[in-house]
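Working notes for the structure below.
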There are 6 protein chains.
Amino acid sequence: MGAPASGDGLTHFDGDGNAVMVDVSAKAETARVAVARGSVVMAPATLALIAGRGMKKGDVLSVAQLAGIMGAKRTPELIPLCHPLALSSVGVELSLDPQACAVHIEATCKLVGRTGVEMEALTAVSVAALTVYDMCKAVDKAMRIENIRLIHKSGGKSGIYEAKE
Amino acid sequence: MGAPASGDGLTHFDGDGNAVMVDVSAKAETARVAVARGSVVMAPATLALIAGRGMKKGDVLSVAQLAGIMGAKRTPELIPLCHPLALSSVGVELSLDPQACAVHIEATCKLVGRTGVEMEALTAVSVAALTVYDMCKAVDKAMRIENIRLIHKSGGKSGIYEAKE
Amino acid sequence: MGAPASGDGLTHFDGDGNAVMVDVSAKAETARVAVARGSVVMAPATLALIAGRGMKKGDVLSVAQLAGIMGAKRTPELIPLCHPLALSSVGVELSLDPQACAVHIEATCKLVGRTGVEMEALTAVSVAALTVYDMCKAVDKAMRIENIRLIHKSGGKSGIYEAKE
Amino acid sequence: MGAPASGDGLTHFDGDGNAVMVDVSAKAETARVAVARGSVVMAPATLALIAGRGMKKGDVLSVAQLAGIMGAKRTPELIPLCHPLALSSVGVELSLDPQACAVHIEATCKLVGRTGVEMEALTAVSVAALTVYDMCKAVDKAMRIENIRLIHKSGGKSGIYEAKE
Amino acid sequence: MGAPASGDGLTHFDGDGNAVMVDVSAKAETARVAVARGSVVMAPATLALIAGRGMKKGDVLSVAQLAGIMGAKRTPELIPLCHPLALSSVGVELSLDPQACAVHIEATCKLVGRTGVEMEALTAVSVAALTVYDMCKAVDKAMRIENIRLIHKSGGKSGIYEAKE
Amino acid sequence: MGAPASGDGLTHFDGDGNAVMVDVSAKAETARVAVARGSVVMAPATLALIAGRGMKKGDVLSVAQLAGIMGAKRTPELIPLCHPLALSSVGVELSLDPQACAVHIEATCKLVGRTGVEMEALTAVSVAALTVYDMCKAVDKAMRIENIRLIHKSGGKSGIYEAKE
């Protein structure tokens, strides 16, 4: 690992073009937070079906929520250059938006460590969204997963990031 | 597992509200195909950076492509009620769209088996998209993952599905 | 792998004492079913707490049920000599027994394949039971997981097994 | 993640009924230990078979012991709301009890970290017990996994727990 | 996935240079076998230590053997373009060679399926070898893993392969 | 876990012959580095094929490199008595040696933690080597994985190790 980082800002390659898991040994352990959001857009009838179950046991949103939390823990296995890390908290919330015909998903991840947890939050949202799709695909194959993005990030040297929403 | 399926079309719940991995024992083994697509939308400068690397070793798209293929194989671990299955083929392609300032992703999964592979194709796209985000987030945190959807599905009793694009 | 099986009935060792994943290549693919049961015994107040949540979103039993289903899929990773296999169905049900101060768990697994699915059903029960413990341990550390056993098994050369309950 | 914890003592739900991986960011890193125990009860002839192999290579107990250690490491993948953590030690011991016709299992897990390791110790015992079942099921399907419980826990704010045995 | 295979014999790339998990849908399910071998070369004193334990419980070879079997099952997670598959048998044998100061490892994998199991056999040998290294590294860091190669392969269209040893 | 360590230097067994994940709770967190190397030896024509692709997208070495990095993260799942740990850096480099008809692989792993990362570096090399084999096996089944060994280790109480090359 002799070559210095590529000069173009893409930190996951060294100067020889080798993909690397970036060295964070020298970074301080700080409290880090990341929040991500995304949506599953669907037919009104599909949303009504989900809403109809929300009052009883076995609702779509609970299954997706749990899948999102568990998915966050799998991030370093899925994303090749992500560091394995010991998340100190994961929360995922889903809500129904009849106006937009969408299920909105928000995930918050926390860590006391040497690297950010944006990918964990974005993965939690993605897995929760895929699970909503899976649970409803028998009635609606045209659902779309939309607008997965980072909302907030704090901790670490690069400071606070807030999305302009 | 005495209770019949819930009557509302959501096949992943039985009549008592228990989530279930649907019984496919009685289904025939047929050749199944699914194609999914999605995009990562980004700043023009970010797209230019990816394009600039595309000619040399260590490009973002190759890493994301491989992550997508490997991600498809993890689908039954990520999506709670998905069946474990032995994919017979996975292909993922990424392309740059300077007009739309986007990386477009398409995944194709195949199986000779008792259940469809839509979730595998959608998961491949999602993981490839998350990997693009991860590789570029040092220069652009405002990227968005957009429009992940099923394009085509064939095989099995429900017949052929083609998205209206 | 020249040595014949150990003569004492323990099929997971060959005659040289090597642990083996038993060769099932020559077995026919048949429909196989296994049912397992177990219980988590707890203080009356703990059971009351679980019962109190059962009516609303976010109940202990739904989380444990999903964990059991997902756990069944991990069986070949956990049990060293289990075959990897493509389960065609997993169902897990939990019920409250105020008399016995227990949560009862039953798992049913199905496969069309060359080997039985007893371990998958037993693993589903175990993981669901551990999840009940995890969700309630803040209020009751003295819970016990009890009586995990095989109830029914059919398919394959060894015929039907029914536990004497 | 705005809603405060549910008021009923079940720490894995927030006030809105969302399951959460509890936030431990603010907890101190302390040395934590947990010990769990359980048993596999079987026919006398099955126990004799295990005992007969114990003197040679390829014994049931060694395989189950290793499975238990490896199982402890998979705890955060199996139990939905468990934190991923970097165990600093895992030990599993199995012993034969001809009187009780049982294999007894004890697991000890240690961590220097922000959360307890009870679930890791209980999972180690469960996976070792399931492995004993798997290794012997060809000769005895009526074995039962019994009395998996926490024996000891220390470290962290809640202090020392000792089971009344 | 329109582009035909690359013309140079490397089947894992299509004509556009995209890595692919090769499509095996059209292949017949046949009985496949693969045998691989490899060695861990070490100091005479290290070999003597392993030999000394071989007679009692807790020997290095048993742990490595089990790790090899379990490793074979993880092949599709480790090797990016390997197909997930349902191995019907895995056997791993280790033997001591005082002459060569080596532990020799042989793995045999079987499958009734659409693709070969060479990678599974080679992975089993590799993981067993790494485990031998891990167990002995406290006394000998200069051990070397040597000569991991395919010995035999049968089943499938390409016919029988026998290494010239 | 009462029995003291076995007296023969094999730290992974206690005095009763039980395999253990060694207790590192009392060790200090220090910066640790390990470097490992290995090679895949092949026919000249195979090496030429790899070299021919190295200039375009979709080369064998990039896929193997990524597999090596991802493989390092799976070490604690593969090697039974390895500690789970949060690697702070992984780098893998492959180079072609036409003289020796070999692909040489070098992996460097770093951690700030309580235990060494030799096994992670050796596993990265092994998985990268297996991936080279997988990508080229359609044209050359006689390739051999050779000379996987530890080159350098620093950090921790046992001091610096340098291989005599």
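Count begins at 1; order follows the chain as displayed.
For all residues, glycine too, the Cβ spot is worked out from N, Cα and C.
What TrEMBL says about this one:
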type     : residues                            : note
DOMAIN   : C:21-156                            : domain 'Molybdopterin cofactor biosynthesis C (MoaC)'
BINDING  : C:L81, C:C82, C:H83, C:M119, C:E120 : substrate binding site
ACT_SITE : C:D134                              : active site
Review point. At the level of the C-alpha atoms, what whole-angstrom distance separates the residue listed as 'active site' and C:L81 (substrate binding site)?
Key: 27
Check your understanding: When the number of other CB atoms within 10 A of each residue's CB is tallied over all shown chains, which of the binding-site residues C:C82, C:M119 has the maximum?
Key -> C:M119
Exercise for review: Summarise the model confidence on the domain 'Molybdopterin cofactor biosynthesis C (MoaC)' (C:21-156) as a single mean pLDDT, whole number.
Suggested key: 94
Review point. Taking the Cβ of C:D134 (active site) as centre, how many other Cβ atoms lie within 10 Å?
Key: 24
Study note, to complete from the structure: The answer, for which of the binding-site residues C:L81, C:H83, C:E120 has its Cβ ringed by the most other Cβ atoms inside 10 Å, is C:E120
Practice item. From the recorded positions C:H83, C:M119, C:E120, C:D134, keep only those with a C-beta under 8 angstroms from any C-beta in chain E, and list them in sequence order. Key: C:H83
Revision key, fill the gap. Among the recorded positions C:L81, C:H83, C:D134, the ones with a Cβ under 8 Å from any Cβ of chain D are C:L81, C:D134
Study note, to complete from the structure: Helix, strand and coil residue totals from DSSP for the domain 'Molybdopterin cofactor biosynthesis C (MoaC)' (C:21-156) stand at 47 helix, 45 strand, 44 coil
**Study point:** Farthest-apart CA atoms of C:L81, C:C82, C:H83, C:M119, C:E120, residues recorded for substrate, distance in Å
**Key:** 13
